[in-house]
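For reference, the structure discussed in these notes is given below.
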Amino acid sequence: LLLGAVAGSEVCYDRLGCFSDDSPWAGIVERPLKVLPWSPSTINTRFLLYTNESPNNYQIVTADSSTIRSSNFRTDRKTRFIIHGYIDKGEENWLANMCEALLQVESVNCICVDWKGGSRALYTQATQNIRVVGAEVAYFVDALQSQLGYSPSNVHIIGHSLGSHVAGEAGRRTNGNIGRITGLDPAEPCFQGTPELVRLDPSDAQFVDVIHTDGAPIIPNLGFGMSQTVGHLDFFPNGGVEMPGCQKNIISQIVDINGIWEGTRDFAACNHLRSYKYYIDSILNPTGFAGFSCSSYNTFSSNNCFPCASGGCPQMGHYADRFSGKTNELFQQFYLNTGDASNFSRWRYQIAVTLSGRKVTGHVLVSLYGSGGTSKQYEIYKGSLQPGTSYVNQIDSDVDVGDIEKVKFIWYNNIINPTLPKVGASSIQVTRNDGRVFNFCSQDTVREDILLTLTPC
């Protein structure tokens, strides 16, 4: 009899209702500890409003309509909430930077949600505290609707790490009526594999998009993010596990250009933090993060998922909601590569080079020239160069070349060859991610390290 079900305990708060430690909130395999969330007054959730009228200084608003009415909040704008994760705070630079970027491209109520009173705790405690924060956000959204007639479909919640699951809880409590939730590397421990009630899932909003950047297992790799698909669209940049630029050595990372605190954060959780950096970059680069529908990153890297399907490719990040098929299915997976430093956007091209001239061993490189700019030289092939053979590769250019007007070909082999062989490209075909094809031709051959320009055939 003693082994019977133990009645769970619960805590209740007047505005927000009751929180129990019953299953699935606690006492399940993924969350064995029976822990209750802290009180709303301890967590002290705050809403920091940035607007086009005051882009650099926030106004503190609450779910009381008088504070909203006396602020720069406008009901004819979308409202985007940005929610930080574990140990973080609402005044951290990245949240304000995200608002700043949003205010450059749109008229918006941008609200940074600060819950540092609940995020700076033992991790298992923080995972319970998010339930109260989610309830606070839902209460705020409900107040906007009941007091100002503001529709939840105009609300977009962007959450990083634990903040993704705060967004999920707020969405669940508003019955999935919120317009959009974006999960930026949703936290894995205590959430991966749990029932949908506990974590972010596609029923939490009309549209849910997710960026996965740190999907390695928490043990032993310390991957903080979920590898599980939890949205309508799930993006896996660079495969979703190891982000380029995150493998720097410890000292260079900590004494980073952004100062000790940013550097230390980047060292401890570089992959995990990349998700919000990609999102911020995407706001100002509407075409720079095309995601390709694919079964896996290996398949994508083997050049098997190009170009975009007839409906186009969704853009990872801010403009994911422009994708026509966004809610056709759940858990649609998309892959792409990004840059490794400040400018993360990339544009993918397929290049097919048909060689002419002598048979040699060497490297073939091509650069693209177009209405939007000029790309670097990208290696298309290295090995035995056979005239009449076509070599195909895909590149990720840091420049959106636009309509391609000409291409330049160069080859080298670094072996002294007294016969001075000449190699050329009789044709180069470039395919853009929208499927548009550009063809270029040349009759000439060149010695190594000499540029050959090909013009439209």
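Just so it is clear, glycine is given a Cβ too, placed from its N, Cα and C backbone atoms.
The active site, nucleophile feature in Swiss-Prot is assigned to SER161; the stated evidence is similarity to another entry. If you look up Swiss-Prot, you'll see ASP185, HIS272 marked as active site, charge relay system. Residues or ranges marked as Ca(2+) binding site in Swiss-Prot: GLU196, ARG199, ASP201, ASP204. Summarising the annotation, Swiss-Prot assigns disulfide bond to CYS12-CYS18, CYS99-CYS110, CYS246-CYS270, CYS294-CYS305, CYS308-CYS313, CYS441-CYS457. Per Swiss-Prot, the feature domain 'PLAT' maps to 347-457. Residues or ranges marked as signal peptide in Swiss-Prot (evidence: sequence analysis): 1-7.
Sequence features annotated in Swiss-Prot and their locations in the structure.
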residue	record	DSSP (3 states)
CYS12	disulfide bond	strand
CYS110	disulfide bond	strand
SER161	active site, nucleophile	coil
ASP185	active site, charge relay system	coil
ARG199	Ca(2+) binding site	coil
ASP204	Ca(2+) binding site	helix
CYS270	disulfide bond	helix
CYS294	disulfide bond	coil
CYS305	disulfide bond	coil
CYS441	disulfide bond	strand
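When the Cα atoms are compared, CYS270 (disulfide bond) and GLU196 (Ca(2+) binding site) turn out to be 28 Å apart. The Cβ of HIS272 (active site, charge relay system) has SER161, ASP185, THR213, ASP214, PHE224, GLY225 as same-chain neighbours under 8 Å, each 6 or more residues away in sequence.
Taking Cβ-Cβ distances under 8 Å and a sequence separation of 6 or more, the neighbours of GLU196 (Ca(2+) binding site) in its chain are SER203. Between CYS110 (disulfide bond) and CYS313 (disulfide bond), the C-alpha separation comes to 27 Å. Annotation note: CYS18 (disulfide bond) sits in a strand segment as assigned by DSSP. In this structure, CYS18 is the one among the disulfide-bonded residues CYS18, CYS99, CYS270, CYS457 with the smallest number of other Cβ atoms inside 10 Å of its Cβ. For the domain 'PLAT' (347-457), DSSP puts the residue distribution at 0 helix, 70 strand, 41 coil. Cβ-based crowding with a 10 Å cutoff singles out ASP185 as the top-ranked of the recorded positions ASP185, ASP201.
Other than the site residues GLU196, ARG199, ASP201, ASP204, same-chain residues with C-beta atoms no more than 8 angstroms from the centre of those residues' C-beta atoms, the Ca(2+) site, are GLY168, ARG172, LEU197, VAL198, LEU200, PRO202, SER203, VAL230.
Each of the disulfide-bonded residues CYS12, CYS294, CYS308, CYS313, CYS441 was scored by how many other Cβ atoms lie within 10 Å of its Cβ, and the smallest score goes to CYS12. Of the disulfide-bonded residues CYS110, CYS246, CYS305, CYS110 has the largest number of other Cβ atoms within 10 Å of its own Cβ. In sequence order, HIS165, GLY168, PRO186, PHE191, GLN192, VAL230 are the residues near ARG199 (Ca(2+) binding site), counting only same-chain partners six or more apart with C-beta under 8 A.
Across the domain 'PLAT' (347-457), mean pLDDT in this model comes to 96. Taken residue by residue with DSSP, CYS246 (disulfide bond) is part of neither helix nor strand, so it is coil.
Each residue contributes its Cα atom, and for CYS99 (disulfide bond) and CYS457 (disulfide bond) these two points are 47 Å apart. Among the recorded positions listed (ASP204, CYS294, CYS308, CYS313, CYS441), ASP204 has its Cα nearest to the Cα of CYS12 (disulfide bond).
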